[in-house]
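Have a look at the structure below before the remarks.
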Amino acid sequence: MATYITEDCINCGACEPECPNEAISEGDEIYVIDPELCTECVGFYDHEACQAVCPVECCLPNPQIVETEEVLIARAVRLHPDDGELKKRAAANDYPSRFRK
């Protein structure tokens, strides 16, 4: 499921630079995550980077957008067409993912 940022966000900005897909941006009142760019860090980390750095734990799974690991790795490959390493890891089914902990 895509991650979203709750209204508890304190606008510290810690999450934005951690996102490998540039899915996080500053919204009108709080930071927001574009679900079309969010891969839950599948292909990059075995955890969601935004969740790991958020001091108020407001980066949460969005229960309205449930996605499989396969969908998320395909999105990561599509978003990073020039990342040969990511493509190799995806093809070999050997990439970091929170689903594989």
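Using N, Cα and C of the backbone, Cβ positions are placed for all residues, glycine too.
Annotation source Swiss-Prot lists [4Fe-4S] cluster 1 binding site at C9, C12, C15, C54, citing sequence analysis. In the three-state DSSP scheme, C54 ([4Fe-4S] cluster 1 binding site) falls into the coil class. A 10 Å cutoff on Cβ-Cβ distances gives C54 ([4Fe-4S] cluster 1 binding site) a total of 22 other Cβ atoms nearby, all chains included.
With a cut-off of 8 Å between CB atoms and residues at least 6 apart in sequence, the same chain places T3, I5, C15, E18, C19, I24, I33, C59 near C50 ([4Fe-4S] cluster 2 binding site), listed in sequence order. According to Swiss-Prot, the feature [4Fe-4S] cluster 2 binding site maps to C19, C38, C41, C50.
For the domain '4Fe-4S ferredoxin-type 1' (1-29), the residues of the chain that approach it from at least six positions outside its boundaries are 35, 37-41, 43-45, 48-67, 76, 79-80, judged by C-beta separation under 8 angstroms. Per Swiss-Prot, domain '4Fe-4S ferredoxin-type 1' is recorded for 1-29, and the stated evidence type is sequence analysis.
Same-chain residues lying 6 or more positions outside the domain '4Fe-4S ferredoxin-type 2' (31-64) and placing a CB less than 8 Å from one of its CB atoms are 1-16, 18-25, 72-73, 75-77, 79, 86, 89-90, 95-101. Feature annotation from Swiss-Prot assigns domain '4Fe-4S ferredoxin-type 2' to 31-64.
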Winner by Cβ contact number (other Cβ atoms within 10 Å) across the binding-site residues C9, C12, C19, C41: C41
Residues close to [4Fe-4S] cluster 2 site centre defined by C19, C38, C41, C50, Cβ within 8 Å: T3, C15, E18, P20, N21, A23, I24, I33, T39, E40, E48, A49, C59
